[in-house]
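Novice: Supplied in structure tokens, the structure appears directly below.
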Amino acid sequence: MGGAVVDEGPTGVKAPDGGWGWAVLFGCFVITGFSYAFPKAVSVFFKELMREFGIGYSDTAWISSILLAMLYGTGPLCSVCVNRFGCRPVMLVGGLFASLGMVAASFCRSIIQVYLTTGVITGLGLALNFQPSLIMLNRYFSKRRPMANGLAAAGSPVFLCALSPLGQLLQDRYGWRGGFLILGGLLLNCCVCGALMRPLVAVAQPGSGPPRSSRRLLDLSVFRDRGFVLYAVAASVMVLGLFIPPVFVVSYAKDLGVPDTKAAFLLTVLGFIDIFARPAAGFVAGLGKVRPYSVYLFSFSMFFNGFADLAGSTAGDYGGLVVFCIFFGISYGMVGALQFEVLMAIVGTHKFSSAIGLVLLMEAVAVLIGPPSGGKLLDATHVYKYVFILAGAEVLTSSLILLLGNFFCIRKKPKEPQPEVATAEEEKLHKPPADSGVDLREVEHFLKAEPEKNGEVIHTPETSV
């Protein structure tokens with residue numbers, strides 16, 4: 001679990017670590033940005049939706065919740081589709097779904113219809129793009145995979161900084177319906193990214209038939225891997241508290257008497273730090289001396305994040321919250337850059353498509369429990385300090401699960417000798433030493449004199465019938 005798995009992909013083609021892989025990386029960057037930033041960016045339309053349909057904030061908040069639930073909860077469905085049809089067709093259909101959902105939402109007459117279009121259809125479309133893009137990134141990069149994951153993960157904060165102001169501008173000029181229509185057209189770029197995902201094809205060897213694929217539509221055998229089980233449990237516990245601070249930090253600042261504009265600037269600080277933290281974490285994880293211990297680096301990033309939450313709970317003024325957002329942004333970026341890299345290292349390319357779907361399904365439950373549990377605690381105590389302590393305790397627990405489980409429960413498998421090495425060793429054993437100085441005539445005389453010692457049967461009256 002602690003080491004990186006370097007494999008050659010499902011088609012037997014070694015990852016090129018460059019070339020067309022940079023186009024795949026760009027596509028993954030864009031898809032990651034849309035997938036993670038879009039559920040947050042649509043929140044700028046909430047006030048208009050409340051005025052249009054006469055509903056409350058909690059009703060509009062369900063739009064983002066359904067989007068995230070579809071992104072995480074449809075993981076196994078995406079795995080089945082990818083293993084059945086391939087990454088590129090699934091992403092093209094997903095891009096159409098994502099765009100169609102937002103375009104249809106611009107004609108909705110009730111909030112329920114918005115749930116079904118923006119939440120379910122667009123959410124499903126983003127899910128059908130996000131997971132296959134990570135699978136293709138894993139197939140195109142091996143040695144440079146940590147850096148590629150870090151650069152792709154940077155799409156989330158970059159798009160968040162871009163989509164939120166864009167959404168506000170569209171709402172001011174065209175209203176929420178025009179804004180949804182234009183964003184739907186913008187999501188068609190997911191189809192362009194899907195077209196970039198050119199599959200790797202193995203070169204047929206002379207005399208060999210076409211390669212056969214024995215991959216299951218959903219490989220549940222990953223649960224036999226203790227490393228995967230530990231990772232899935234730790235990641236699920238982590239997600240319980242990971243998203244709580246970004247949700248409540250602005251309200252925390254307002255509760256301290258900070259003006260609205262300055263309070264909202266805290267998320268800008270967090271996002272700006274996150275942009276640089278993700279590629280930096282990917283670069284560090286790709287270093288030769290660090291990569292074999294990537295799981296421990298991931299555990300440290302979770303510990304760092306949980307410790308930042310606990311420290312943020314002690315903030316008593318705006319300056320303290322700014323410092324918290326800086327350190328939280330660093331740790332949050334590290335987690336974002338390393339989470340899928342570590343999963344790839346644990347299960348390898350062949351099982352990654354199934355593994356990521358199952359992990360996202362488990363995280364979907366945690367996503368729906370985490371922020372609401374923080375809200376319940378805030379309603380009961382009216383103290384933001386306890387909310388941050390809860391988040392920090394959950395993330396710290398996940399880091400300890402991963403660290404201690406990997407250290408005590410995972411045993412490295414003995415390395416199996418390579419066929420070439422084994423053949424060479426056998427030849428070496430059967431080959432007489434070159435400088436032994438033994439006369440070949442003596443050896444021949446010895447073999448004829450004592451054949452029974454060399455596996456031959458001596459026909460004597462005792463051994464003959």
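Going from the start of the chain as shown, residues are counted 1 onward.
Using N, Cα and C of the backbone, Cβ positions are placed for all residues, glycine too.
Sequence annotations record features per position, and here TrEMBL assigns transmembrane segment to 20-39, 60-85, 97-130, 151-170, 182-207, 228-251, 263-281, 293-312, 318-340, 352-371, 383-409. The domain 'Major facilitator superfamily (MFS) profile' annotation in TrEMBL covers 21-417. Per TrEMBL, the feature region 'Disordered' maps to 419-438. The compositional bias 'Basic and acidic residues' annotation in TrEMBL covers 425-438.
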Novice: Give the nonlocal contacts of the transmembrane segment (228-251) in its own chain as ranges (CB under 8 Å, at least six residues past its ends).
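Specialist: Result: 1, 222, 263-264, 266-267, 270, 302, 305-306, 309, 312, 321, 324-325, 328, 332, 335, 339, 342-343, 346-347, 355, 358-359, 362-363, 365-367, 369-371, 373-374, 378, 384, 387-388, 390-395, 397-399, 401-402, 405-406, 409-410.
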Novice: Any residues 6+ beyond the ends of the transmembrane segment (20-39) with a Cβ under 8 Å from its own?
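Specialist: Distant Cβ neighbours of the transmembrane segment (20-39) are 64, 67-68, 71, 91, 98, 122-123, 126-127, 129-130, 133-134, 136-137, 140-141, 148, 151-160, 162-164, 187, 189-190, 192-194, 196-198.
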Novice: Please tell me whether the transmembrane segment (352-371) and the transmembrane segment (97-130) touch - that is, whether there are at least 3 C-beta pairs under 8 Å between them, with each pair 6 or more apart in sequence.
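Specialist: No; fewer than 3 Cβ pairs under 8 Å.
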Novice: Quick one: do the transmembrane segment (263-281) and the transmembrane segment (318-340) have at least 3 Cβ pairs under 8 Å, skipping pairs fewer than 6 apart in sequence?
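Specialist: Yes, since the transmembrane segment (263-281) and the transmembrane segment (318-340) share at least 3 Cβ pairs closer than 8 Å, they count as touching.
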Novice: Please report, as numbers and ranges, the same-chain residues at least 6 past the borders of the transmembrane segment (151-170) whose CB is under 8 Å from any CB of it.
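Specialist: For the transmembrane segment (151-170), the list is 25, 28-38, 40-42, 44-45, 133-134, 137, 178-179, 182-183, 268, 271-272, 274-275, 278-279, 282, 333, 336-337, 340.
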